[in-house]
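Record features, source TrEMBL:
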type     : residues : note
DOMAIN   : 33-460   : domain 'Amino acid transporter transmembrane'
TRANSMEM : 40-61    : transmembrane segment
TRANSMEM : 67-90    : transmembrane segment
TRANSMEM : 125-146  : transmembrane segment
TRANSMEM : 183-206  : transmembrane segment
TRANSMEM : 275-296  : transmembrane segment
TRANSMEM : 316-337  : transmembrane segment
TRANSMEM : 377-397  : transmembrane segment
TRANSMEM : 403-423  : transmembrane segment
TRANSMEM : 435-457  : transmembrane segment
């Protein structure tokens, strides 16, 4: 056989081998994706339903039966619509064969580029830092609530059963120092826990409403009068917008979820739009039930955290189960949400600039199978310490949740998806569609600023009587 013939035969055999391998790969060379509309819906629902659901009864109490459910429905519609815009940006150019964007930041970089990428990164990482603080506060309050529920059961509801949340914040912080990002089952457990405590909160709300003999609350919510000034009423109503926005927040992981959907046909965008409709509808029904039943149970006295505000005292063991589920969920959620920030510092900021540093590169062997990175341990410990100390300074669950929801809602859920969609689909400046999209963005900006102002005002009020580190 000549060299030319041998080379041709070799090429044929390689192509045949590649053909077999290609059956297991997608167009970008990565393992073939197998996600469907149902798996994508499940991912969104488990990502969305979290500790934010516990503040919805308080949010509806500020707005009342007339405005509360209507505002929740309005947020659901806006988030559904902007999510469909974001789904269009998974592939650049052609919706079927265009280049894939694997993360939210990749999509911003491909469509907008330049300073907007840096702005998006700053907002994203600042939001993740805030989420870490919020989760630390929520987890410590739930741990404290377990102790108080047992105390109330033993000593009676009249006993103050006071305790500081600071030791529990420190305990939660210590639990977050180990690197748990490779424990694949952690997110599954966390999702199961979120459904557990949400369902318990809903069931207790229904039971309390039945025990009351009917629904409590009013059309306009908390009344101006004893203990509530007109200014407080306005600011708390605005903060309620932020609480609702936080409960629905998932835009930042939508692209990652879309990246699990199998290749066309139909296009990933079409599948994701259908999944978004199913998941937002399911979540809204669940949120309506939890928020409305919580308000129906407690009326204007609804606590800012349904399971730790002690509207419920019995059965105490069920409260313990629910609060333990919250803690387990937040341990996993903290790790999952903070991974992008950890990765940014460890792989880009550190390794790229100080790759030759012994402190960055050094690993300590702990047994035959485990190596500990000194830099990673030091950086993550420092991060956990900073978020824990900040949480101890601002242990106000409802206010922090409202502020996080307000600050992240407009830029991450509305502004960037709208701007990317305009570039991706070539929407002409000044056209009717362009004007409508910009009007939506401007309206949501006003809502975000107002909600942030309401949350900040409430934090300032709380700080007037709060002593740092007093718990």
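Glycine residues also receive a Cβ, built from the backbone N, Cα and C atoms like all the rest.
Remember, predicted model here, so these are calculated numbers, not experimental data.
Of the two recorded stretches, the transmembrane segment (67-90) does not lie close to the transmembrane segment (125-146), with fewer than three CB pairs under 8 Å once pairs fewer than 6 apart in sequence are set aside. Distant neighbours of the transmembrane segment (125-146): 51, 163-166, 168-169, 171-173, 252, 305, 307-308, 310, 319-320, 323-324, 326-327, 330-331, 333-334, 337-338, 340-341, 344, 383, 387-388, 390-391, 394-397, 400-401, 403-404, 407-408, 412; these residues of the same chain sit at least 6 beyond its ends, with a Cβ under 8 Å from one of its Cβ atoms. Residues 50-51, 54, 128, 131-132, 135-136, 138-139, 142-143, 145-146, 149-150, 152-153, 172, 175-176, 180-181, 186-187, 189-191, 193-194, 196-197, 200-201, 204, 307-308 of the same chain, all 6+ positions outside the transmembrane segment (316-337), place their C-beta atoms under 8 angstroms from a C-beta of that stretch. Long-range Cβ contacts of the transmembrane segment (377-397) within its own chain (Cβ-Cβ under 8 Å, at least 6 residues beyond either end) map to 55, 129, 132-134, 136-138, 140-141, 165-166, 169-170, 172-174, 176-177, 179, 304-305, 308, 338, 341-342, 345-346, 350, 359, 458-459, 462, 468-469, 471. Tertiary neighbourhood of the transmembrane segment (403-423): same-chain residues 52, 78-79, 82-83, 85-86, 88-89, 104, 107-108, 111-112, 116, 119-120, 123-124, 126-127, 130-131, 134, 239, 241-247, 249, 251-252, 434, 437-438, 440-441, 444-445, 447-449, 451-452, 454-456, 459, selected by CB-CB distance under 8 Å and a gap of 6+ residues from either end.
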